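Here's what TrEMBL has on this protein:
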type	residues	note
ACT_SITE	331	active site, proton acceptor
BINDING	50, 89	FAD binding site
DOMAIN	187-346	domain 'Acyl-CoA oxidase C-alpha1'
DOMAIN	393-568	domain 'Acyl-CoA oxidase C-terminal'
Ligand SMILES: CCCCCCCCCC/C=C\CCCC(=O)SCCNC(=O)CCNC(=O)[C@H](O)C(C)(C)COP(=O)(O)OP(=O)(O)OC[C@H]1O[C@@H](n2cnc3c(N)ncnc32)[C@H](O)[C@@H]1OP(=O)(O)O
Ligand SMILES: Cc1cc2nc3c(=O)[nH]c(=O)nc-3n(C[C@H](O)[C@H](O)[C@H](O)COP(=O)(O)OP(=O)(O)OC[C@H]3O[C@@H](n4cnc5c(N)ncnc54)[C@H](O)[C@@H]3O)c2cc1C
């Protein structure tokens, strides 16, 4: 069948990770030897890092690469059942090479995880090479188009020059040369940055389908005796879908920002300036987790808002969900990514700000908060006046919520230490607070970027409707997380009531533009692949046609009648 755009494919890892890893970590000679044939699909590769026993804990990966100076080769080996590479996309049946992440051993010492290019299948016959046991891991929740595979290496030898050596090196005598920064070998920042844009696309597709269908679907009675209304006129339907629409726009802008930031900082890194790598790691890890969790939940809201037909594959919503949901797991499991952002960036920045350091980038607000803590608090101590119309004041509110939760997490660690717990235990007993702090930080970044984007919009009408969407996104987030704002003294109960009232007004304001706002995503019918989301709104005829095409309808009397039902009857 023709390849459908956006469906997962066996070549995704080749295109999305094998080639980018070569670009980031191969020497010019290795680029010549591997990138060119890989670009021409002579070499088809995957990124084999995860093992059956470890995905998150990279330092726990067991595959070894031991240098043999007598033959100038590395010996790649899977020492235990749990060390078998497990999950890499395209590994099972498609790839003939793999970038294998293994613990490098040379001159009797282990130097940690490094990347090695390992041929796994014969370039002509595609038969697995000697010492290579490779196959598919079996059916999954989805991703049925992709042969996620396993790879067991039995003392497989590769040349010295198959270790990606742009940063770290092994000399012919086995001497290990450290990389300029240990962080350069982690990788994965590229895909995490791209996933933010994938979250936006998944949201745009889902709310386009759900909002268009909600404009076509008529159901029940709003006013006795009147025709059944469009379900999009129900306040509850708007309350489900319009925040998703707002998030789709928000994440589109964040996805663009993430791509631009990745491009800018990876350019600096290639020029030898690694100073921004911590910010890029923290931002990509946090925003990947924040946007995928939010999008994952929102796709289900869109599906359920379409009633029974949303559960039909004809809507495309089940497939969008099944294909999107692993983004919360792969490329860095979301909880772990949130902890990375908090522990490796936010708390570290909080401590620097607390001793007066002026912070830059997305955490500069922590310096403001530290300075604020040194100033005498206002006697009233109450929440500042809340404007449900002024976007900048809402950005400031999100900033203060984030600062408050970062401080709460940092203080929790301090308190645990004062109770006599070890560093590791203190951090673990504060990890719920750490995740909350990361979530709040990312939420602030998203709201701020949405509002910043409005400054670039010249068309008054477009700016007005985008401002309404931004207001809805910010106020809905405030309502959903009112506990944080109340706990931080940033919101009062009367203000929370006003927020709820304002949200209802915004839903009403957006109703006339809702369909135009999803049309603006410009997702054609082929890309949406949804009967419910058709641009022409001609749902029922196409739903009937779609059902008629079902394989089960190839015959009027299915063979099961003769094979099972009829014999069963005769035995009763
Ligand atoms: C163009 C066409 C495209 C076509 C289609 C493309 C679509 C592709 C679809 C792809 C589909 C599926 C792909 C899925 C692929 C995968 O899943 S690959 C495997 C992913 N696995 C992970 O992400 C593992 C997650 N775990 C980790 O990253 C590490 O274990 C973790 C960071 C959590 C902990 O590692 P430690 O070694 O314990 O590190 P720490 O002590 O926490 O930190 C040490 C310092 O290093 C810094 N750090 C950590 N990670 C990074 C990084 N990635 N980049 C930069 N820096 C990093 C960290 O901040 C610490 O710094 P400090 O010492 O504090 O200064
Ligand atoms: C569809 C799909 C495609 C994939 N493609 C690839 C690929 O191409 N290449 C590849 O190498 N891998 C791939 N993976 C594997 C993926 O990267 C891992 O599944 C992911 O990194 C999570 O690791 P894990 O499965 O070991 O889960 P675990 O790390 O075991 O996580 C299980 C639970 O433990 C928790 N946990 C783990 N560590 C901590 C911690 N330090 N603190 C708090 N909680 C913690 C997690 O939050 C989670 O709730 C793919 C996975 C999927 C589902």
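Including glycine, each Cβ sits where the backbone N, Cα and C put it.
What TrEMBL says about a protein is an automatic prediction, not a curated fact.
Annotated features, which come from TrEMBL, shown on the structure.
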residue: 50; record: FAD binding site; Cβ within 10 Å: 18
residue: 89; record: FAD binding site; Cβ within 10 Å: 26
residue: 331; record: active site, proton acceptor; Cβ within 10 Å: 23
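The average pLDDT for the domain 'Acyl-CoA oxidase C-terminal' (393-568) in the predicted structure is 97. Rounded to a whole number, the C-alpha distance linking residue 89 (FAD binding site) with residue 331 (active site, proton acceptor) is 12 angstrom. Counting only the Cα atoms, the space from residue 331 (active site, proton acceptor) to residue 50 (FAD binding site) is about 10 angstrom. Secondary structure from DSSP puts residue 50 (FAD binding site) in coil.
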